[in-house]
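Per TrEMBL, the features are as follows:
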{"type": "COMPBIAS", "residues": "B:308-320", "note": "compositional bias 'Low complexity'"}
{"type": "COMPBIAS", "residues": "B:335-353", "note": "compositional bias 'Polar residues'"}
{"type": "REGION", "residues": "B:304-355", "note": "region 'Disordered'"}
{"type": "REPEAT", "residues": "B:95-130", "note": "repeat 'WD'"}
{"type": "REPEAT", "residues": "B:155-197", "note": "repeat 'WD'"}
{"type": "REPEAT", "residues": "B:242-284", "note": "repeat 'WD'"}
{"type": "REPEAT", "residues": "B:367-408", "note": "repeat 'WD'"}
{"type": "REPEAT", "residues": "B:454-486", "note": "repeat 'WD'"}
Amino acid sequence: MMEEEREKAVVVVGLIENATNSTAAEVDPRLLKAIKYVVRNSDSELRLAAQTLMNLMKRDHSQVRYLALLIIDELFMRSKLFRTLLVENLDQLLTLSVGFRRNLPLPAPPAVASVLRLKAIEFLEKWNASYGMYYRQLRLGFDYLKNTLRFQFPNLQANGVRIQQERREREMRTKEILLNKFETLKENFPSIKDELQSTLDEIGECLEIVTATNENVPMDLLDDEEMEEFRSSELRQIRLDSLKEAEKVQETGDNKVVFDVLRELYKLLVMKHLVSVQEWISVLVRVEVADNRFRDSALKEFIDIRNHLRSVKKKCEEAGCSLPDSKNHEEEDIWEEGTIESFENWNSATLDKQSDDSNIASTSTEVKKKASKNSNKKEDSNEKMDCEGSGTESNPQRSKFLAEAPVMKWGSFLDNWDKKRDVLANQRGLELENHWGRVDYDAVIPAAKIAELNVQATVYEEDPVEIQPCRARLSKGGLCQRRDLRVCPFHGPIIPRDDEGKPINQTSLTEEITPDFGSNLVEQLAKQAVKNIRDRDIEEVKKREHDKKALKRAKLAKVREHNDAVLRELAMASTSRSSAVGEDIETTNGERSSARNKKQTLASMLKKKVTAKDRLAQRLLNTGARDATTRQLTLGEDAKYREAFPNQW
Amino acid sequence: MHVSLAQGLQYCGLCSRGSCPLVTIPRPIFTWASPGDNNTKGLKIGGGGWDKDARTMWKEIGDREFGKLRPNLFTNRIRSTRLSSLQLSNYKDIVSPHRGSVNSLQVDLTEGRYLLSGASDASVAIYDVQCATNYEGGGLLAKHKSIINIDKQHDHGHKYAISSAIWYPIDTGLFITGSYDHHINVWDTNTTQVVVNFKMPGKVYRTAMSSLATSHMLIAAGTEDVQVRLCDIASGAFAHTLSGHRDGVMTAEWSTSNEWVLITGGCDGAIRFWDIRRAGCFRVLNQSHSQLGRRPPLLERAAMNKVSSSKSSSTGQSSSVKARAPQRKMAHGNGSKQSAVSKIPSQVKSSARQRLHPGMLSSQDHATAHYGAVIGLKVTEDGMYLLSAGSDSRLRLWDIESGCNTLVNFETVRLQTGKAIQLATTQDSALVFVPCMTSVKVFDVWSGKTVLSFRGHYEHVNCCWYSSQDQELYTGGNDRKILVWSPTKFVSDELDEWIKRGKASALDQDNWSD
């Protein structure tokens with residue numbers, strides 16, 4: 001019985017020691033699970049685990065302490081016995097994990113030590129929040145660190161509660177506001193409806209008047225014209241259309257007043273009523289009241305009203321008042337007037353079939369003007385163009401042109417854009433067509449020459465390439481932020497990596513890329529063929545390597561198996577122990593490849609990293625170098641002295 | 001008897017230390033046993049049975065029912081069992097309003113209910129340790145907030161750290177505070193006003209009042225100054241100035257058996273005994289004057305008695321002790337006072353003072369009890385032994401009768417050296433509570449073995465007070481906390497409480513999710 005107990009004890013101690021003997025930032029989950037499993041089943045194990053963990057906390061290595069602390073936390077949150085065992089020595093645990101005593105600072109490595117401290121404080125807070133009520137020691141420790149030593153606790157729980165509270169308050173406030181609105185609506189519902197109704201009525205009247213006047217006018221026109229010409233349906237259609245057109249803009253001196261009023265009302269309708277109705281609807285939808293009857297009825301009514309308003313609005317628009325008009329005006333205020341003009345000009349110019357030289361010249365000058373105005377805001381103007389284009393979509397031709405038109409930088413060549421004529425040579429550097437002097441019509445620079453002079457030159461600009469960060473995983477956490485073009489000096493060639501820093505499979509990426517490569521089918525096919533061949537080659541090589549590796553692995557596995565068997569024989573009969581042994585070997589095997597190039601051990605963590613400064617210091621501060629320097633200096637001084645006093649020996 | 005005493009003393013003065021048989025001759029160790037000592041023995045047994053479980057307790061209750069156990073013995077046993085299970089109380093919190101280290105703690109001597117604490121932020125607070133002011137955590141945690149708190153904002157409050165705060169021993173109407181601002185204030189508890197105010201020549205380290213005084217109201221004050229002053233509350237003036245120490249006086253204690261005897265310990269390492277009716281001190285404890293065991297050996301004394309008058313003073317004294325001991329022991333409660341009172345003065349009166357002229361005294365006068373300062377003194381309840389703590393990290397047990405160091409080796413690790421510490425003993429003086437750096441250790445007085453160790457403070461512990469009425473220990477430390485250490489409740493009690501409060505203790509249970 002005693003023997004068995006002791007064996008088991010060895011198991012838990014071994015497990016914990018294995019788990020803490022690692023450079024990882026977390027405890028190996030499998031080992032942790034094993035520890036928990038073992039400890040759960042027996043109290044003596046738990047006692048031993050507590051003792052072992054406390055001993056490990058005394059180890060002079062922050063990494064060991066950190067991992068031990070993580071295990072402690074796991075057990076602390078689970079076992080009552082462990083808690084009672086641990087709080088007995090809580091001050092010691094805190095001393096070793098937080099390092100608040102000046103004579104007992106946390107051991108090296110400092111990076112891990114700071115993490116350890118943060119974690120310990122966080123854990124203490126958590127423990128205190130969940131079990132502080134049952135353990136005075138926890139409360140004491142927390143209180144001491146917080147109120148006496150003024151440690152900054154993460155305050156996770158309190159923060160969460162506060163945020164929730166704030167959210168709840170905000171919700172309450174909005175609810176209250178909604179309720180208030182609802183109440184006012186309840187009071188004012190009839191008056192609101194009246195107001196709406198009156199506006200609607202007025203609009204209706206206005207519309208009636210307008211339509212009435214409109215009807216009168218076209219009738220006269222019809223009578224006057226000869227009827228026969230409109231017989232054919234096509235023509236009639238055209239005529240009707242034109243009539244409609246006519247109806248729309250029919251605004252004479254007589255009905256101008258009516259139109260004005262109508263416009264006003266329309267504006268009122270769109271800007272105020274429609275918006276407010278929409279608002280009321282949203283209020284009604286969102287509000288929560290005990291009595292739903294009024295809400296539902298009001299909602300229904302509002303929706304009806306809204307639909308009605310929309311129909312009226314449509315009618316108004318048909319009648320010829322439009323709010324977009326005003327909208328456009330507003331927009332114009334924002335935009336520069338000159339540019340709009342220029343576009344309008346251009347518009348007309350492009351539309352005009354008989355485009356002559358002068359016309360184009362005018363547009364180009366306009367463009368030039370514009371360009372000079374905001375030459376440094378190229379993108380801005382582009383945007384504007386887009387907006388304009390979308391604004392006047394009725395003009396597909398223009399947009400087509402716009403799409404085709406090259407975007408040019410401003411230059412002197414724009415002066416002679418598309419011109420093929422000779423230019424008078426100007427000897428005096430003055431304007432040509434003025435009265436300041438005689439014009440020599442013979443001195444002409446031929447068009448070809450001009451064209452030659454005006455060869456459009458562009459400066460090569462490299463496409464701004466965003467250099468991707470390396471994003472390889474760093475040992476201390478986080479990703480490498482170094483930006484190198486091809487190869488990171490620390491992590492090798494730069495390859496696409498996921499958020500964790502693991503490389504994404506390269507082949508899939510190339511596959512993604514290849515279709516983009518060429519639009520030319522033949523080229524693509526050829527490439528594909530080459531690639532296939534290469535792939536096959538690579539695969540063969542790989543396969544050969546693989547075979548070799550497999551052979552090697554098999555041999556290794558055999559050796560390992562043998563070793564395992566021997567070890568197992570040697571090891572005690574307890575299953576968890578033997579499994580732990582196997583695990584250990586596996587993990588070491590797995591790590592061997594990585595260890596070859598890194599060799600991260602607990603001892604190596606303690607080693608001070610050699611920095612450039614150290615290397616320089618090693619070079620410069622060794623005795624030989626120092627002596628040489630002093631020698632040089634004295635030599636220099638000697639020379640100076642000899643120069644200054646050449647006659648003294 | 002007087003004659004023999006006188007002779008003994010006289011002789012002692014003459015004998016040189018080297019030839020004193022007490023020091024040099026190895027003797028068989030004798031523990032003193034007499035029919036009258038039954039009581040103490042019983043206590044010891046009780047104290048030894050640490051792991052007594054509830055069943056033996058029930059048996060004892062049965063015995064008590066049938067009259068097999070005497071009531072006194074019974075209560076003592078219960079007390080010691082409860083004491084052995086002391087631990088940091090989770091359910092009793094004293095909410096300390098202090099912003100500085102707690103320097104002094106005392107529960108009042110009349111009711112055992114009000115805890116007085118003085119702290120170095122010049123604040124004094126009083127707590128009711130029996131009735132909680134409010135409960136927290138669903139009635140689980142009893143919070144004892146201060147019912148009176150006097151700090152610097154008070155008109156007549158102290159300016160600097162309070163080093164000592166004690167209750168007036170007769171009732172809770174007054175309390176006395178001594179501070180580093182050179183003042184001793186006597187406060188009326190009910191109005192929280194200063195009634196009497198004494199200006200001292202230096203920082204006050206310790207104030208003490210005799211718990212058995214019936215004829216005086218003197219506050220003994222140990223200060224930075226070499227002189228010990230006795231402040232009379234009745235007149236508001238200094239009644240005495242006792243000079244003898246060569247450095248500041250860290251601690252002062254009144255004898256628990258004699259209302260006229262004051263014991264002081266100084267930074268010079270001396271412990272002096274004063275009879276306040278006379279000038280000068282009548283005894284200086286010497287650490288090299290030692291005896292093995294709790295009493296001077298019996299055989300030798302008998303022999304000495306036969307040989308009679310040609311022996312050293314200390315043996316002479318002890319022989320007188322032996323003669324009187326049984327009767328005093330039996331009646332050591334209040335009744336014993338008379339005999340005890342009569343004893344030491346008689347000694348003094350008889351001859352020593354007159355005969356030992358100053359020149360001869362000087363060898364004794366320079367004796368030290370500790371290397372370094374004496375930082376704590378505690379007289380046992382029966383007035384027979386004195387415990388002293390020094391900055392040499394030693395704890396010494398002195399036999400007051402003989403003035404000898406009993407050579408008990410206390411397993412102290414380290415004591416804090418800068419400040420005075422406050423020791424506490426149990427009522428039967430079987431155990432002593434000593435603040436050792438951040439922990440409080442409990443030692444067996446007679447063997448010096450560590451019995452318990454209380455770790456809970458995060459900084460040095462300055463003071464402790466054991467309330468023998470509730471078997472609770474209060475400790476105060478530099479971390480500004482006052483901790484309560486109480487006997488563990490029985491599981492059934494706790495369960496009852498849970499049920500009473502209508503809560504399941506399921507919250508603090510195992511929680512194995514995987």
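For all residues, glycine too, the Cβ spot is worked out from N, Cα and C.
Secondary structure of the repeat 'WD' (B:367-408) per DSSP, as helix, strand and coil residue counts: 0 helix, 19 strand, 23 coil. The list of residues near the repeat 'WD' (B:454-486) in space but at least 6 beyond its ends in sequence, with Cβ under 8 angstroms from a Cβ of it, reads 79, 82-83, 86-89, 92-94, 96, 98-107, 112, 115, 117, 119, 127, 129-130, 416, 419-427, 433-442. If you take every residue in the repeat 'WD' (B:454-486) and average the pLDDT, you get 91. In the repeat 'WD' (B:155-197), helix, strand and coil residues by DSSP number 0 helix, 23 strand, 20 coil.
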